[in-house]
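Peer 1: Provided herewith is a single structure, encoded as structure tokens, for subsequent inquiry.
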């Protein structure tokens, strides 16, 4: 009788009351997919590095005006915007904290792929992503201390420095190899770049879909978080663009700074909230990083589509682009980048 009432894999069975072994399928699947996605992401970042000129990249590091503007956007505009949105919508303290954590996170790697497709400054994009991830180790605790103290003790928030370190390594190592390949074999680097840019675009969508499938939390959360999740990335893109323009950066660098500002490392935010809060608290706000991820991708695709339409209608030929683009950057680069001019611009 018990054999029909209980599953075959039950460890203890008393009538219809059974004890089943822990199901590790979802956890195992998550680990496998995370490993595959990490490897693919490293390959994509390697291909993005193939579009980086080492002289231009070092020029940004030596004269870091563009990086400094990005720093102000990343750790100035975003945490402040998160704080103001939390106050305006009067959400629960625990929900306000997760919104601010999102605002304090460094830029995500998806911004590098989108920056490529909108003809952004890849040297600036990659240097901004790398620097923001490195600086996050110090700036995240400082921003959380400033903006969350009215709702919770900043010491209660666990920052996964190991995850930040892994993100940094996964950025620096493949990008360094890509820069080396571009320096030694530029013709092969162009082929790798074209393949990697397509794979990267597909990977961004796959990550969003996989995140939705594997998510175990409840989607039934307050509409206020859905509204904030919609407004927040849009505000990041917009404010980042206007601050960059106000700082005198060229249009292509404004697009780059805008994407670096609005696209956050949502995986890092999810890791932080998982480590910092109880299961009961997570039910109230754990969906927010995924909501932000969905809308940051949506707006990024809209920006990409709008730019492609503009480029097709306003730029007649590829020759015109090649003639005008260097002219714009060569004159402004010395001012924008603190006097640094690459050999290509001389």
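Quick reminder: no glycine exception, Cβ is built from N, Cα and C everywhere.
According to TrEMBL, the record shows the following:
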TRANSMEM  29-52  transmembrane segment
TRANSMEM  64-88  transmembrane segment
TRANSMEM  94-118  transmembrane segment
TRANSMEM  125-147  transmembrane segment
TRANSMEM  159-180  transmembrane segment
TRANSMEM  192-214  transmembrane segment
TRANSMEM  226-246  transmembrane segment
TRANSMEM  290-310  transmembrane segment
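Relative to the rest of the structure, where do these features sit?
Peer 2: Within the chain, the transmembrane segment (125-147) has long-range Cβ neighbours (under 8 A, six or more residues past its boundaries) at 48-49, 52, 57, 60-61, 64, 66-67, 70-71, 74-75, 79-80, 82-83, 100-101, 103-109, 111-112, 115-116, 154, 157, 159, 161, 164, 167-168, 171-172, 175, 256-257, 259-260, 265.
Panel annotation: around the transmembrane segment (226-246), residues 69-70, 72-73, 77-78, 81-82, 85-86, 89, 91, 99, 102-103, 253-264, 288, 291-292, 294-296, 299-300, 303 of the same chain, lying at least six beyond its termini, place a Cβ under 8 Å from a Cβ of the stretch.
Within the chain carrying the transmembrane segment (290-310), a Cβ under 8 angstroms from the stretch's Cβ atoms is held by residues 102, 108, 110-111, 114, 117-119, 204-205, 208, 211-212, 215, 225-226, 229-230, 232-234, 236-237, 255, 258-259, 262-264, 266, 269-270, all 6 or more beyond its ends.
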